Amino acid sequence: MQKKIKVLCVDDSALIRSLMTEIINSQPDMEVCATAPDPLVARELIKQHNPDVLTLDVEMPRMDGLDFLEKLMRLRPMPVVMVSSLTERGSEITLRALELGAVDFVTKPRVGIRDGMLEYAEKLADKVRAASRARVRQNPQPHAAAAAAAHGQTAAAAPLINNPLVSTEKLIIVGASTGGTEAIREVLTPLPPDAPAVLIAQHMPPGFTRSFAQRLNGLCRISVKEAEHGERVLPGHAYIAPGHAHLLLARSGANYIAHLSDDPPVNRHRPSVDVLFRSAAQHAGKNALGVILTGMGRDGAAGLLEMKKAGAYTFAQDEASCVVFGMPREAIAMGGVDDVAPLSDMSRRIMARLASMGDRVQRV
């Protein structure tokens, strides 16, 4: 009999603890081994139960979730799924938690509202399963490299790429899920200010993508923003799919245009990586580079293969540097990947490939 995933739920709301316990215990492969109203109680329960996964509320009394997470990742690294409110403050704190080493996050369940609860339960269970298999980063220190990149200094973990490029038609198309927020940061921060435009589909709910874009914009030398429908896609800019919509690449004459769609989810996701990749295959062809990063599931694998068939050069993050080696594994298995790269070298390889593409990208 397969061993069940042991989950410790930490939340100051007894109602939320009860609801999370009900959802997790309804799954055949996982169980709640204990619950805690605050991090100080959780600390003792971790010693007693040795859980496989921790779900952690962002804001709690006695010690907030971030302080506890920082100590936990330093002293006893383990997979953590943050539980966050759908507020601007909640999204900012959650992004900081992902920087500190949390594997993923879910929004708080809406107590007393049954509509959508089955979908929420499936999402929570999927994230707990993925977290139980995730590679937890030991003592993550994201700010040093990111701050260095923002100020034009070289950091050992993320050397800046200073090959000036002039390109009006090259595009970098990126897809990610679990662990993707930090992977995307590591890919974007070394890019030079005149890098080709970057379009990104990261699995993330509404309300979080804007904060994610704003956070990256303060760390990167390129401009980063949440994509808007109909806007022109420009070099030196990165466009992140909003949490409520698919992002597609479109054309208006010689110009690339961002197109947002509220079509149904694809592979259970909106935004979907496959949707973005397929639009890039159709409208950019060999002028695009496709990049699939860490994430559970298979979203993006088929789309990356379509990009490759259309002439694009494609990259996948390697297993050793992925938090969850799901999407890249599927893309590699389908034959849609030209180059498998560690995350620490991904930006350099992308820019080297662009520089090798002849008269379509020139050094100056």
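Glycine residues also receive a Cβ, built from the backbone N, Cα and C atoms like all the rest.
Small disclaimer: the values here were computed from a predicted structure and weren't measured.
Copied from Swiss-Prot, the annotated features are:
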- 6-123: domain 'Response regulatory' (DOMAIN)
- D57: 4-aspartylphosphate (MOD_RES)
- 165-357: domain 'CheB-type methylesterase' (DOMAIN)
- S177: active site (ACT_SITE)
- H203: active site (ACT_SITE)
- D299: active site (ACT_SITE)
**Request:** Please work out the number of neighbouring Cβ atoms within 10 Å of the Cβ of H203 (active site), leaving out its own Cβ.
**Result:** 26
**Asked** Quick one: DSSP breakdown of the domain 'Response regulatory' (6-123) into helix, strand and coil?
**Response** 54 helix, 26 strand, 38 coil
**Request:** Show which residues of the chain containing D299 (active site), separated from it by at least 6 in sequence, have their CB under 8 Å from its CB.
**Result:** G175, S177, H203, V266, N267, R268, H269, S272, V273, D274, M327
**Request:** Can you check how the pLDDT averages out over the domain 'Response regulatory' (6-123)?
**Result:** 91
**Item:** Same chain, 6+ residues apart, C-beta under 8 Å of the C-beta of D57 (4-aspartylphosphate), given in sequence order
**Value:** V10, D11, D12, S13, I16, G65, M82, V83
